[in-house]
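Here is what TrEMBL records for this protein:
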COMPBIAS  213-224  compositional bias 'Low complexity'
DOMAIN    34-154  domain 'Piezo transmembrane helical unit'
DOMAIN    289-526  domain 'Piezo THU9 and anchor'
DOMAIN    564-639  domain 'Piezo non-specific cation channel cap'
DOMAIN    677-843  domain 'Piezo non-specific cation channel cap'
REGION    155-180  region 'Disordered'
REGION    205-224  region 'Disordered'
TRANSMEM  14-32  transmembrane segment
TRANSMEM  39-66  transmembrane segment
TRANSMEM  78-96  transmembrane segment
TRANSMEM  291-314  transmembrane segment
TRANSMEM  334-353  transmembrane segment
TRANSMEM  362-384  transmembrane segment
TRANSMEM  396-416  transmembrane segment
TRANSMEM  428-444  transmembrane segment
TRANSMEM  464-483  transmembrane segment
TRANSMEM  504-528  transmembrane segment
TRANSMEM  756-779  transmembrane segment
Amino acid sequence: RMFHDDELEESEKFYVGQPRVLLLIYALYNTLVARSEMVCYFVIILNHMISASMITLVLPILIFLWAMLSVPRPSKRFWMTAIVYTEVAIVIKYFFQFGFFPWNKYVDYTKDKPYHPPNIIGIEKKEGYVHYDLVQLLALFFHRSILKCHGLWDEDEQGDSSSNKEDTDDELSLTGGRRDSSASLKSVNLAASVESIHVHFPEQQTAIRRKSSSSISQLSHRSSFSSHRSKRDIFKIINHTTLSLCFLQCKLRVIKSHCGLCCFRTLQVYVPIRQFFYNLIHPDYSAVTDVYVLMFLADTVDFIIIVFGFWAFGKHSAAADITSSLSEDQVPEAFLVMVLIQFGTMVVDRALYLKKTVMGKVIFQVILVFGIHFWMFFILPGVTERKFSQNTVAQLWYFVKCVYFGLSAYQIRCGYPTRVLGNFLTKSYNYVNLFLFQGFRLVPFLTELRAVMDWVWTDTTLSLSSWICVEDIYAHIFILKCWRESEKRYPQPRGQKKKKVVKYGMGGMIIVLLICIVWFPLLFMSLIKSVAGITNKPLDVSITITLGGYQPIFTMSAQQNQLKDLNQSDFDAFLKNYTGNTAALQFLEGYGREDITRADLEGNSNSLWTISPPSREKMIQGLLDFTAEFTLVLSWSIQSCCICPTGHGMRHCAKADPGPVVFCNWPGGETRSFCQTLEEVYPYYIKAPSDSLAKPIKQLLRDCKWENITVSLVKNVSHEGVREWWVLNQLGKRHKTDQESLELYIFSDKVSPPSLGFLAGYGIMGLYASVVLVIGKFVREFFSGISHSIMFEELPNVDRILKLCTDIFLVRETGELELEEDLYAKLIFLYRSPETMIKWTREK
C-alpha cells in the first residue's frame, strides 16, 4: 500500500459494524451535506408556496435567475443576500403583528381575500407567521457552515481578488502604468466566475483623452504581437475598455449635472448584470449536457396536472369535471388558457433545443420565470377568488414548474449538446426501450408533430417527405434491432418445438383477449347493471287523463312520502300472488325489493276543471252519441334521479256508455254527477327503464287486462261561485283504503355508475359498432398484411442500416449537407433494391 493508517482502518471497521439504521442515518446526513444548497432551494420554494406573498417572492426569482445560473456554484454574495433578506423579512413580519395596525382588527374577515394588500405583501397577522422563515434561515446557516467547513465560503473573494489583480495589471499595461486614480467603481459580483471591472479616473480631462487614445492604440499594438491571446480574450479587453469609457463619460456628467449621478448609479447596477449574462452566454469552458428529456418530463407532468385538475384554475368550476364539461360541448376558459400556454412553452423549448441557442434559452428563462410568478401569485388568485396557499392543485403545478426551472438553469449553465442524434428512447436496445418507444409512437399526433418540428428547426437539405421517410425507416430499424438483440439474449435452438409455456402463455392470452373483445358488449351491459348497478328510485310520478282531446280532466302527482318502498313482508306477499305464473316470475327475477316503488296518488284532481260552455256542450253530445267512438287518453310521467322524465300515452277507444247519471247532495253544497266506470284503462304496473319510455308490464296483469277505475265530476256551489273538479278511484287496489285514490307500482331498472356511464350510454349495438368493429379492423390488418412486409421485417442483421441512419443524423449536425443528400440517396436505393438489401443484412 502506498498509504496506510491504522486509525483510518479502525474508524472504517467501527462504522461498518454499526446497525443498519444508524448507517442509513449517516448516509442521509452525508447526502444532506453534499446537497445542502438544494435543501436551501427547496425550503425557500416551500416557504413561498405556503406564504405566497411579495416578501417571499424575491428569493425564488433570485434562485432561478442568479444562483442556479452561477458557475460553478452560487457566490458568497448570494448566500449573504439570502441570509440578510430572510432576517429582514422576519423582523418586518414580527413588527406588523401588533394589533394597533388598522388591518389587524379585521383578520377573520380579510384573511381569505387574495387581493387584500397585507395578504399580497405578506405582513398580515396570522398564527405561525414566521415558522417557515425560521426554517429557511436555519437551512441557510447550515449551508453556510458546510461551506466554511470545506473552505469554500471565502473562496469567491480570493478568486475575485486574483482576477481583479489580473484585470488591473492588464489595464495598467494598456494605459501606460498610471495607478494614481482619484476614484474607482466596484462592480457587484453576481457569481464566482464573473470578473470585476475596475475603472480608474485621472484627475484631468486632458489626461482622460490621452489615456483613452493611448489605451486603444496600445491595445491594437499589443494584439498584433501577442499571438498567445485568443480572439475571445481580445474581445473581452475591448469590451472592458468600452465600458471604461462609458464610466469616464458618466463621471464627467456627475460633475456637471445631477442627472449624471442617476446614470452613474444605473450603470453601477446594469454593468455587472450585463457582464454576468454575457459570461453565461459566452463561457470560457462548457460542460455540455443534455437534460431536455427531464425538462420534457416535467412539462408533461404539468400538462397532466392541468388536464385532471383544471378546475383549480377557474372561478366557478371547483366541483367541475373535465369529462362532463366536454360531453356538454363546453370548453372551460381556464382549461383552454392553461393548456395552450403549457403546450406553447413545450414547443418553444423544443425549438430552442434544436437550434442550440443559449441566448434564446436565457431570454426564455427570464420571461418564463417572471411570467409564471406573476400569473400564479397575482392573476390566478383573482381569477379563482382564493389565495394561492389554499389552491393545492396550483401549488403542485408550481412545484413541478420549479423543478423545470432548475433543470432549465442547469442546461443554460452547462450549454446545449453539440449533436442531437435520434430519440432519447433509442439509446439502448432492450425490451424497456422497445415498449416505451412503441408507446411513444402510439400517442396520437406526437410522432408527426415531433418530426415536423425537427424538420423546421434543423438545418437540412431534405424535403419534409424525405425527412419523415428517414424517421420512419430509423424507427422501424430500431424496433428490428431490439428484437434481434432479444433473440441473441434468449436463443432458440434449431429443430426444437416451442415450449408449452410460450404457446399457452402468449397464444392463450391472445385467445382470451380476442374472445373478450368479441363478447365485450354483452358481458359489459349484463354485468354493469347486475353487479355494479345503482338503484334508480323515482322522484315524481304523475297521472293525466284527457277526454276526447279536450282540456285534461284529471292531473295528480305523487312525491316524497307518497312514494313508498316495499318492506320484506309486502315483497314476499307480492311474489306469492304470482305463484305458478311463469311469465310473471321470469320478469320478477330481474328486480329486487329495493327496485319496486308504490305510488299512492290522491283521487281528487289537483286542478279545477275549467272548460268553456260551448266545449262542455260538445263534450256532452259526444258522450251521448253511442254510434261514434270517444277517445280517452291516460298518460303518465315518471321522473327519476338518474334519468330524464319518461312518459307514455295510451288510447282507450270504445263506445262510451255514460251509465246512470247520479245526483247526490254532499255537505257544503257539493254535488257529484257523471259517475262512470271505465274498464281496462289503468295500467297499475309500470316499468321505468333507464334509456327509453316507461311502459306498462303486461306479465303482471290479471289475464293481461288493465285495471278498472271510476270517474266522477264534483260541483261546489258557494258565494265564490261554481267550482268543478274530477275524482278518480281505482277498483282493484292491493292496499284497500276508504278514500278515493289510485295506486301505481313502478319497477325501476338499475343504472350504470356515473364513472361507466359514457360506455353504457352506447348500448349493445353501439358498442359493437364503435368498439368491436374498429378493433377488429386493426386486428385483421395485422394478421392479413404480414405477407406484404416480409422483405422489410425479416432482416437478420440491421446494424449496417442502423449505422447508415445514424450517419445521416451525424452529418446533418456537423453541417455536411451535401453528404447528407448522398447518404439519403444511398438509403433510398437500398430499400429499392431487394438484392442489395439481402447483401447488407446478412449475418457477419
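One-based numbering along the chain as shown.
Placement of Cβ uses the backbone N, Cα and C atoms for every residue, glycine included.
The listed stretches are 14-32, 291-314, 428-444, 464-483, 504-528; of these, 291-314 has the most Cβ pairs under 8 Å to the transmembrane segment (396-416). Within its own chain, the transmembrane segment (362-384) has Cβ neighbours under 8 Å at 52, 57, 60-61, 64-65, 114-115, 120, 277, 280-281, 312-315, 334, 345, 348-349, 352, 391, 394, 398, 401, 405, 408-409, 412, counting only residues six or more beyond its boundaries. For the transmembrane segment (14-32), the residues of the chain that approach it from at least six positions outside its boundaries are 39, judged by C-beta separation under 8 angstroms. In this model, the domain 'Piezo THU9 and anchor' (289-526) carries an average pLDDT of 86.
Taken through DSSP, the domain 'Piezo non-specific cation channel cap' (564-639) splits into 31 helix, 20 strand, 25 coil. Long-range contacts of the transmembrane segment (464-483) within the same chain: residues 422, 426, 429-431, 433-434, 437-438, 441, 447, 451-452, 454-455, 792-793, 795, 798-799, 801-802, 805, 808, 824, 827-828, 831, each at least 6 residues beyond the stretch ends and with a Cβ under 8 Å from a Cβ of the stretch.
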